[in-house]
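To start, the structure itself, in structure tokens.
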Amino acid sequence: MELPFASVGTTNFRRFTPESLAEIEKQIAAHRAAKKARTKHRGQEDKGEKPRPQLDLKACNQLPKFYGELPAELVGEPLEDLDPFYSTHRTFMVLNKSRTISRFSATWALWLFSPFNLIRRTAIKVSVHSWFSIFITITILVNCVCMTRTDLPEKVEYVFTVIYTFEALIKILARGFCLNEFTYLRDPWNWLDFSVITLAYVGAAIDLRGISGLRTFRVLRALKTVSVIPGLKVIVGALIHSVRKLADVTILTVFCLSVFALVGLQLFKGNLKNKCIRNGTDPHKADNLSSEMAEYIFIKPGTTDPLLCGNGSDAGHCPGGYVCLKTPDNPDFNYTSFDSFAWAFLSLFRLMTQDSWERLYQQTLRASGKMYMVFFVLVIFLGSFYLVNLILAVVTMAYEEQSQATIAEIEAKEKKFQEALEVLQKEQEVLAALGIDTTSLQSHSGSPLASKNANERRPRVKSRVSEGSTDDNRSPQSDPYNQRRMSFLGLSSGRRRASHGSVFHFRAPSQDISFPDGITDDGVFHGDQESRRGSILLGRGAGQTGPLPRSPLPQSPNPGRRHGEEGQLGVPTGELTAGAPEGPALDTTGQKSFLSAGYLNEPFRAQRAMSVVSIMTSVIEELEESKLKCPPCLISFAQKYLIWECCPKWRKFKMALFELVTDPFAELTITLCIVVNTVFMAMEHYPMTDAFDAMLQAGNIVFTVFFTMEMAFKIIAFDPYYYFQKKWNIFDCVIVTVSLLELSASKKGSLSVLRTFRLLRVFKLAKSWPTLNTLIKIIGNSVGALGNLTFILAIIVFIFALVGKQLLSEDYGCRKDGVSVWNGEKLRWHMCDFFHSFLVVFRILCGEWIENMWVCMEVSQKSICLILFLTVMVLGNLVVLNLFIALLLNSFSADNLTAPEDDGEVNNLQLALARIQVLGHRASRAIASYISSHCRFRWPKVETQLGMKPPLTSSEAKNHIATDAVSAAVGNLTKPALSSPKENHGDFITDPNVWVSVPIAEGESDLDELEEDMEQASQSSWQEEDPKGQQEQLPQVQKCENHQAARSPASMMSSEDLAPYLGESWKRKDSPQVPAEGVDDTSSSEGSTVDCPDPEEILRKIPELADDLDEPDDCFTEGCTRRCPCCNVNTSKSPWATGWQVRKTCYRIVEHSWFESFIIFMILLSSGALAFEDNYLEEKPRVKSVLEYTDRVFTFIFVFEMLLKWVAYGFKKYFTNAWCWLDFLIVNISLTSLIAKILEYSDVASIKALRTLRALRPLRALSRFEGMRVVVDALVGAIPSIMNVLLVCLIFWLIFSIMGVNLFAGKFSKCVDTRNNPFSNVNSTMVNNKSECHNQNSTGHFFWVNVKVNFDNVAMGYLALLQVATFKGWMDIMYAAVDSGEINSQPNWENNLYMYLYFVVFIIFGGFFTLNLFVGVIIDNFNQQKKKLGGQDIFMTEEQKKYYNAMKKLGSKKPQKPIPRPLNKYQGFVFDIVTRQAFDIIIMVLICLNMITMMVETDEQGEEKTKVLGRINQFFVAVFTGECVMKMFALRQYYFTNGWNVFDFIVVILSIGSLLFSAILKSLENYFSPTLFRVIRLARIGRILRLIRAAKGIRTLLFALMMSLPALFNIGLLLFLVMFIYSIFGMASFANVVDEAGIDDMFNFKTFGNSMLCLFQITTSAGWDGLLSPILNTGPPYCDPNLPNSNGSRGNCGSPAVGIIFFTTYIIISFLIVVNMYIAVILENFNVATEESTEPLSEDDFDMFYETWEKFDPEATQFIAFSALSDFADTLSGPLRIPKPNQNILIQMDLPLVPGDKIHCLDILFAFTKNVLGESGELDSLKTNMEEKFMATNLSKASYEPIATTLRWKQEDLSATVIQKAYRSYMLHRSLTLSNTLHVPRAEEDGVSLPGEGYVTFMANSGLPDKSETASATSFPPSYDSVTRGLSDRANINPSSSMQNEDEVAAKEGNSPGPQ
């Protein structure tokens, strides 16, 4: 690639002139001629890579800096295109002031204006001007605002239309209209503009009052914003890309939904019309009853819906006095039904998107029966979870592909830049060699830098105080205070800011200068790493920080620096002042060149060097400037007035404050204050006592004062200039200011909302809580990356809200006050104004669309509503929101949750905690030493050797005290690193500036047991008093450490470094001095601090190996045997020997598989028994007595099992196993409850509670079922991360909860009238507040009640937020909030309308982000665990994986023998028909037609239609039966070898059966429903799956499902277990609650079956609010606590605490964790499946290979003749195909030939695979493995040893041709000689002696058709040499020279030449 500085400076930019155009025409002509010649020569197009436009020169991009400065006179002028790609296109480019590239067609615009026309040039200038686009953007935004108003005059529209027309005219004049490249209509965004303008004029011309549809197109103007802002175009590109990708998923989804809808249609049609009608109503009258006729129809209590019922035994039943009859209406305005395919499809789509599906579920089960729950389970798990998450998977992948493309683009730019830099380096080297000083070049007049004022640059140097010397020759680093202050602020020397998105890595020739790894979040480089790696950054002051840069000039290195670079912390020594003599001269005013010679000889060289260096410098300067947020004048002002350096006393005062605020304890105190302050805010509740309120107020004042002081101290200590450079400090400052404002305001004033700002202080915890920090960063990154996407989403919401308002506002019956009234009812969700319209669209995005759509369909046209709502649902919810989640997940992969943050202050906190721990250690050691001094004899002598191992406390082990390298403060670099432990290490806890790194080997446990810790502590304290012993041990410890160091070079600490933990004794004892130079050699370990193995410890671990032996473990732990010597018995002596034998016997019993099976069976039985203990148990005394008896039996068996295991395993092993503990606890619960029952204490409340814990019994099954255990293990692994996220969610939610308490506490109460059903609010005109409600309650019907879920305190606030976040029950909470007024006043309709926004904001941040973090965390965790347990593929390169996968697929295949054609001619004729592809296609078409006829069926269709459909059904059955018979006739016994045929056969049998049965059962139809047989017919649809073989994408999706099934089954099992346990709990706790909301006679906790129905429903979180509502009742008017129940208990109230815990835990476990595991598995497998499908060779390619092979090898011999190879290669499809002419390629493949000139299929397949994948070293070994595999499964190849290869054959062929030619010419010559001498007989004699029908003659006739089928093995000499690869290299004849024209010849001939 030609680099851009071939011609530097302004010469890059040339005006576009007529000569330029003529040149382009010449180029085009030359290009065409070359193309023609190529086509003629090759006969086909070149397959080489076509030239592509350069990425950084695309239109709309900014021109890179290294093209030089653009002269002012060329701005907006046509220029010759810089991109070589366009040299053959009639185009030119134009640059505006901001260097944005625009391209235009060089043809005549509108056939009137040439590129050189003045009018066109003016139009171009205007169109590229930045102000033009700004003006248009502002116009569009104003227009959008105007469209939301309804009261604006029509004339305003015309103004906008005129502006848009002007814009379009300018663009058309500048670009031309549509014919050529870069014209107006060639840009799809302009189509939008054009249509908007056209519609505006059409609307003005015709009166559009009636056709409001067209007016709504004005809304599309909002999309014009996208066409103006370039960044948005990219995201829209990604969106369109993902929509394209969704094609396969859409087809699969529609297909699955159609199948489910058909099943639903057959099962449930007409059922939802069944209602409870009053007894005595005439059935004919019932047919005409509409749902409005309430006097006849029973209404479900608490609702306005009629009660549905069914006639089945398990369907819903009617109450007394009512009978179940069919009515004409379906529920929900007649829209919820399965009566026709369309309605069934809508219902299924609703089920898939899970919008209020619990309502459909309850209605269907009530009308049809509980058994149909199976249908819903299938649809929810397959349809909803699988298909919806496939959409997520596809969108995620599309996004990843898009971002990969972006990364590739960046890398391409980087590569280009790299090359540019190399050129620069070469230039510099050349100049340096010539002795030219490029430093002086900087002042050259031509340089872009010359234009910069030197004064302008000076302040920048000041601003980078940390980077070098200032004007007054005083290095700022020399001042230790400044140094520490800057280091604290992250501005330390040795650091340099870098932008996050920096794409360039700079490399100097002699040294790597790519960015170091240590970039912190805020883009700060860690100085230590920079200096340690010796890296420098190209740029201002680059060399000042680390080691000196090495110039390409010869120079002596600075000898004193090497050590600093490598061994020590990267802290500059402050030696480098402005007058530093050594090293190259570094210009302190910020120049970037490293060359230091001082003369310029030749002007040309000077100019050349100047131009290159200056351009590069300007590029680097551009990077540098992009990081400067303020103009230089402001910086100088800030430095002058915001750095407060006064008298020495002031500095002393500052120093003292600095010490105070940077002390780790100060950090700890502030953190604690934040926590306490948060607790104070969370304690607010309603109602509060005055004293409590006063306490909270006082607390608030105290905290505000405290935080104000903290801020003031920090500002003084750091100076405002540095203080405000940290984001956290700005954040603090804002919060403190707001707190002060709030304090100054009155409590109830308008500023009380400011209190909520104080809550943001919680986020300060992120500084000391890495997980919170990471998650905030993830959300931050996502919001950042999502900036554009959020904007797109906003535009989508805006457009749809406007469309809705424009189309539907009139239909909603809007009043002047903006309230919508329909049928006398006020509507909350309507489209009368923009705000309500926005809310409706937002609600659809939340996934709730169906209820609004019903209302819309009632008030307006059904079609408009369906289209509008479904479009928003599919586009907004499924695509855009999934793209959001994709971005979130993407952020996860970038940020690992477990990674600790490299933030100095985080470590301050850890240091403070470490100090406290040290104090704790010392105290514990003092106590331990006191004890040990009295009990010294107890310690065994051998253990003293452990004493010197310094123990790590838990927090240290966790964090390894890796404090941030606050590098500037260690001044004494010259001291030996480990010379004095007393000096260096004694201070490591207190000195925050020491870098301590204690890495731990991966395999080690991070935490020591506390016992051991204490043990070691007491041992070391004992040794304090025994210096002699210590002295003896020291050499050994020393040895150990040396051993360690030798083993693992490069750490920074040895065990010595932890000296402070060993107390004064370590410090008192001088350790051997370590010389400074040896630092790196002696004390380092690369990632390991494994101590020397102690023999004692090794011996201790040996008993753990006993698991593998057939003998039991020790019974007790060492601790027990040490303290109780009696436990330590000799098992070889009597009587203990007998005991040992008993133990061995027990061990064998317990380990026996039968024992385990028996226990599993017992667990299942006992769990099953629990299911019978329902609410009706008292009514079944016999069942009750059986259950009591079995309970005792099970308890006895489990106790016996436990005792057996104790004896067999011993206490030690039993109680160190978590699963055994679980068993132990559950057995104890059973035992306790059994004993209580025997002692007749079973009615005691605590025993009752304990009995409910028996529900945990099924948990014991967990450890026994492998599948579930795997899932549980994975979950347990994820628990830390899940808990982290849960905590962070709680913190996020805490803020919203406290805000909710501030806004709504006490305001949700209202006065209700209990006479209505459901209870209705009393009108506020009658009752205005609480006291009025009580006063008017003379009738006893008015009650002042609180909404059950409210914001009266933070805990209830959490519950309310959980309901909002899961979108269940959130409507009631929102309505209460929106209607709320003052405390204790009656709510008014939409009194507080904008409170909706509180919920909108919470849903976006609290609901959307935090709940999706769960998916992210779980997926992330699974990936981590996979890596830990990773298989071989982790250690394989991508190339190897491709080969591995290709070969894996190869091995499982072999050539199939095709079904032989029958000899009978009739059978043969049928065989030919049924094996044709056309026959299959016809059958498929018939299957589709059959499916369509099934769709036509409806409920209550006419007699005639039923008959016709019956006939059509019979016709299809006959056709399919005919197909089946024909195939069986033709294929004979082979028919059943194909799975699809067997499937067809079963379907046909079932279809015939259903026809016969339905005929027989016509008379019995009333007693027996033929639904079952209807469904059987649907099995035929399954045959469509055969079609799917053709659709690769869909097959990938199904393949992903098949791969997921095993994992999904395990997850399903776990989910079932959780449901089972919870349903048992539910039966025990909530059996008697009142029927209300979600609980009724069918859905309740009275029986096990009903509990499971409820729990399945809330697995997706659907309707859990309804189930919780009655449980929250505590008394009248909702329930009666004294009502007697059937089982002897009293009351039908719930227990709110138990209910809330029950439902929230279930939702977290099932909905957030288990269901997200399901999602994680699907995403994972989808990725795998897609990878497989995108591999160069897939399963199908090999299938296709073998299918084609069958045609060429009908006998399945696995060989084909070489002559057939060319045709075979051409017949293949896909990547393996080698199209004709292919002879040349095939010969070059060097395939082995066996006798008979045949080639084995595996050899061909290998060669073709190699042809696709290219060369690879792994191929040979894989090939060997493959051949072994193939031999094992297939016919032996051994008898066919290869005797030649195709290449050898070709060589011999050529040799033969040469010999033949020579022979012929010899013969000709001879015959002429003979004819002359007339010796003809002699010639014949000679002829006879020549070789006759041999190889040569065969070669001469090789062009003739084959005669013989069998070729003899003598055709080739059977030498094995010919087989060996690589022989071709030794061959004398080079075949390629003679092959050139052979391809053409071969192509002309029908057959390829081959040996016979």
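Every residue, even glycine, has its Cβ placed from backbone N, Cα and C.
According to Swiss-Prot, the protein has these features:
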REGION    31-54  region 'Disordered'
COMPBIAS  32-41  compositional bias 'Basic residues'
TOPO_DOM  207-212  topological domain 'Extracellular'
TOPO_DOM  273-340  topological domain 'Extracellular'
TOPO_DOM  366-372  topological domain 'Extracellular'
TOPO_DOM  399-658  topological domain 'Cytoplasmic'
REGION    441-484  region 'Disordered'
REGION    537-581  region 'Disordered'
TOPO_DOM  747-752  topological domain 'Extracellular'
TOPO_DOM  773-788  topological domain 'Cytoplasmic'
TOPO_DOM  810-833  topological domain 'Extracellular'
REGION    1008-1094  region 'Disordered'
REPEAT    1141-1450  repeat 'III'
TOPO_DOM  1240-1243  topological domain 'Extracellular'
TOPO_DOM  1313-1354  topological domain 'Extracellular'
TOPO_DOM  1377-1392  topological domain 'Extracellular'
TOPO_DOM  1562-1573  topological domain 'Extracellular'
TOPO_DOM  1596-1610  topological domain 'Cytoplasmic'
REGION    1906-1956  region 'Disordered'
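For the topological domain 'Extracellular' (1313-1354), the residues of the chain that approach it from at least six positions outside its boundaries are 299, 301-303, 682-686, 1294, 1297-1298, 1300-1301, 1303-1306, 1360, 1363, 1369, 1372-1373, 1376, 1384-1388, 1665, 1669, 1672-1673, 1676-1677, judged by C-beta separation under 8 angstroms. Taking H, G and I as helix, E and B as strand and the rest as coil, DSSP gives the topological domain 'Extracellular' (1240-1243) the counts 0 helix, 0 strand, 4 coil. Outside the topological domain 'Extracellular' (810-833), and at least 6 residues removed from its termini, the chain residues within Cβ reach (under 8 Å) are 150, 801, 804, 839-840, 843, 851-852, 855, 858-860, 1375, 1389-1390. Taking DSSP states H, G and I as helix and E and B as strand, the topological domain 'Extracellular' (810-833) has 0 helix, 7 strand, 17 coil. Residues of the same chain lying 6 or more positions beyond the ends of the topological domain 'Extracellular' (366-372) and with a Cβ under 8 Å from any Cβ of it are 267-268, 271-272, 274, 307-310, 312-316, 1642, 1649, 1653.
According to DSSP, the compositional bias 'Basic residues' (32-41) comprises 10 helix, 0 strand, 0 coil. Across the topological domain 'Cytoplasmic' (773-788), the model assigns an average pLDDT of 73.
Sequence-distant neighbours of the topological domain 'Cytoplasmic' (1596-1610) (same chain, 6+ residues past either end, Cβ-Cβ under 8 Å): 248-249, 252, 381, 386, 390, 393, 1267-1268, 1270-1271, 1588, 1718, 1721-1722, 1725-1726, 1728-1730, 1732-1733.
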